[in-house]
Amino acid sequence: MSALRRKLGDEYQVHGNLGGETSRYLSDLFTTLVDLKWRWNLFIFILTYTVAWLFMASMWWVIAYMRGDLNKAHDDSYTPCVANVYNFPSAFLFFIETEATIGYGYRYITDKCPEGIILFLFQSILGSIVDAFLIGCMFIKMSQPKKRAETLMFSEHAAISMRDGKLTLMFRVGNLRNSHMVSAQIRCKLLKSRQTPEGEFLPLDQLELDVGFSTGADQLFLVSPLTICHVIDAKSPFYDLSQRSMQTEQFEIVVILEGIVETTGMTCQARTSYTEDEVLWGHRFFPVISLEEGFFKVDYSQFHATFEVPTPPYSVKEQEEMLLMSSPLIAPAVSNSKERNNSVECLDGLDEVGTKLPSKLQKITGREDFPKKLLRMSSTTSEKAYSMGDLPMKLQRISSVPGNSEEKLVSKTTKMMSDPMSQSVADLPPKLQKLSGGGRMEGNLPPKLRKMNSDRFT
């Protein structure tokens, strides 16, 4: 594509193999003539008038020849169709005098020539049609606002650098006239070839570049040169573009500026484009506006100038991936998931052990769901502790104040651990309370119960 294209503004595609579709140009002949270049318009203008004049002069000469006026032109007693027409040059002069309404008074039509009267009417109608068509075409072409676009400037290069902490594509627009562009709006299109997942090749796929449509920044008040910005983010087509990949990419950024000419009220459109070779990575535009004594001065000599600034050579996607890999918040998330798995496995193991105990020991424990509650609460505490790393710094400071919910949760868990054990010992029969020996119940149990108790925790 790059070998065949030209700067858009002059379209770079060529229509071929139209077949019978070329007749559509003749059906809209007026627009076709207006779209032609000036040299072709002038050629058609001169050729049309010359042919029409020669044709009508020939018709007057034929009438004079058929009536025999050419041989009796100097006979004062003879009344010709057109007085003083005796050869082709005199017939041509008569037509020019009639068509231009000059009327020198020397050549004139007489009432003895009905065919001359009919030809005179046809000449007037044909001359009015030719004048309206060609003069109207020239007037429309001269009044077109294309020349107004010549005083709208675009920077020769686009630049990519950091602005407000974000990687941004920038170019500059300026208005050389003092008259304003009313309702000026700017749009950007990215032309790039791509292949769909289904295998379809799109040679000139058009993608929209956001230059402030959502915020209204695309509506311009063009009283001074403006820098148009496109923020490169996850929604941008340049999300994967880096300084290295730009050397191998092939694309074109088409910029369209539209507005109403203040003096004529006609809509004007100016266009330009930037290829991948005209986009400068790590550059920024020179400032062109300076404050003088009571007014701002615009220096258009620096309009196209840029200078280098420190810019990361990576794409936005690569920068986000590197930031994600270097972030310490990944480790708590991984540990949190492992902790949950361990808690679930521990709960499942305790369920299996609980089913193996005799019914008498299950009653002695008092609360059969105590280990589950304890593990759930401990896992919740660990989850909250790990989730603290995901909070902003303000919330982390607030959560770290003494007396908050985490310390209360730990004290509540400790109390729950001691209360069921003391309550379960108090509920034992007196004989078993004596065997417990002040909390060392396991040592005074019969060998069979000690073995069962040891199997429970292995």
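Glycine residues also receive a Cβ, built from the backbone N, Cα and C atoms like all the rest.
As recorded in TrEMBL, the features of this protein are as follows:
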type: DOMAIN; residues: 7-145; note: domain 'Potassium channel inwardly rectifying transmembrane'
type: DOMAIN; residues: 152-322; note: domain 'Inward rectifier potassium channel C-terminal'
type: REGION; residues: 417-458; note: region 'Disordered'
type: TRANSMEM; residues: 42-66; note: transmembrane segment
type: TRANSMEM; residues: 78-96; note: transmembrane segment
type: TRANSMEM; residues: 116-140; note: transmembrane segment
Non-local residues, at least 6 beyond the ends, that sit with Cβ under 8 Å of the transmembrane segment (42-66): 33, 36, 80-82, 85-88, 91-92, 94-96, 99, 113, 115-116, 119, 123, 126-127, 130, 134, 137-138
Same-chain residues at least 6 beyond the ends of the transmembrane segment (116-140) whose Cβ lies under 8 Å from its Cβ atoms: 30, 33-34, 41, 44-45, 48-49, 52, 56, 59-60, 63, 81-82, 95, 98-99, 109-110
Whole-number mean of pLDDT values that fall within the domain 'Inward rectifier potassium channel C-terminal' (152-322): 91
Secondary structure tally of the domain 'Potassium channel inwardly rectifying transmembrane' (7-145) (DSSP, helix then strand then coil): 88 helix, 2 strand, 49 coil
